[in-house]
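Per TrEMBL, domain 'Aminoacyl-transfer RNA synthetases class-II family profile' is recorded for 190-323. Residues or ranges marked as Mg(2+) binding site in TrEMBL: Glu259.
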Amino acid sequence: MSLNDRLKELRENGINDAKRAQHLQDLNDLRVQLLGKKGPITQALRGMKDVPKEQRPEIGTLANNVKKDIQTAIESRIEEVNKRIIAQKLQEETLDVTLPAQSHEVGTKHILNQTIEDIEQFFIGLGYEVAPGYEVEEDHYNFERLNIPKDHPARDMQDTFYITNELLMRTQTSAQEGRDMDAHDFSKGPLKMISPGIVYRRDDDDATHSHQFHQLEGLVVDKNISMADLKGTLEALCRHVFGPDREIRFRPSFFPFTEPSVEVDVSCFNCGGEGCRICKYTGWIEVLGAGLTHPNVLEMSGIDSNVYSAFAFGLGPERFAMLKYGIDDIRDFYTNDVRFLEQFKGVN
Ligand code: FA5
Ligand code: MG
């Protein structure tokens with residue numbers, strides 16, 4: 001093949017290769033490969049020595065044109081590839097403002113916590129302090145300081161898990177009463193505290209009972225505290241939580257650490273007092289126990305029961321929430337079914 005033809009062939013192949021290239025990298029490689037010092041055109045020109053002298057300028061011009069044509073082909077292909085890349089990017093980055101926005105599920109405070117916080121706010125408004133206690137408690141505070149000595153039959157109703165003989169899972173937030181009376185400085189004024197938390201009992205689970213549940217304790221120690229203070233406070237609380245319509249009754253009861261003792265019932269949310277499964281056909285649901293603190297309990301805390309008197313109450317936030325929102329099974333609070341929980345978004 002003549003040098004002339006060889007160069008024309010190189011041009012044709014080079015231009016075709018450039019046209020077929022898909023990537024910028026391939027085109028760069030092609031440029032180096034075809035037009036570089038070790039490329040086929042340079043190689044072919046070594047054959048110049050065999051060409052008659054008068055034909056050499058013509059071959060030289062042809063060689064330059066071949067290089068230029070290949071160069072041009074590569075450059076125009078680079079431009080095309082670049083355009084395609086940009087078009088592709090624009091396509092991919094298209095923003096469709098009509099697409100629906102991604103939704104984010106927002107959780108809510110558990111209905112029990114909302115209920116407890118609502119009750120806390122009521123008492124904070126009356127000047128009470130909030131004093132959290134201990135779930136693992138000493139027998140001393142859970143029972144003995146509440147006038148329930150070691151072999152007292154009242155312990156039978158509140159059996160629990162024992163860590164040691166003297167350490168147990170507390171059965172009532174009343175355990176906090178002794179601790180708060182011990183810590184209070186009466187020269188600074190009366191003691192007014194509430195203590196919310198979890199308690200444990202060997203109770204059979206049913207629609208209104210759980211073996212682990214919440215209580216919220218209240219204690220006021222001052223001069224001249226009477227049953228009227230207790231009744232007024234609890235009535236105001238029930239009106240705050242349930243509104244004026246629900247009926248409330250005070251029923252005589254017994255606790256070793258209060259004298260006299262009462263239990264407070266609220267008319268059943270389900271039957272309105274007629275009697276049904278939830279209220280065990282009584283028409284009422286018990287929400288709290290209370291009374292005037294027994295003088296022995298005050299004296300055990302070094303408080304002179306001739307000068308000071310006190311009232312205390314222990315309420316069940318689960319029962320309050322059930323009555324307020326018509327929840328008919330206490331177990332719904334603990335199973336964390338989202339369909340249940342999301343019904344109470346920000347109700348308090
Ligand atoms: C007590 O626990 C006393 N410490 C209350 C008290 C405090 C009396 C201060 C006097 C002075 P009782 O066992 O009745 O009392 O429980 C109080 C409340 O806790 C009940 O009215 C009820 O609302 C709730 N409660 C009791 N047992 C359960 C249970 N197993 N599941 C859910 N709530 C319960
Ligand atoms: Mg009771």
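Each Cβ is built from the backbone N, Cα and C atoms, and glycine gets one as well.
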DSSP assigns the residues of the domain 'Aminoacyl-transfer RNA synthetases class-II family profile' (190-323) as 29 helix, 56 strand, 49 coil
Please list, in sequence order, the residues in the chain of Glu259 (Mg(2+) binding site) that are at least six apart in sequence and whose C-beta is under 8 Å away from its C-beta. Gly291, Leu292, His294, Pro295
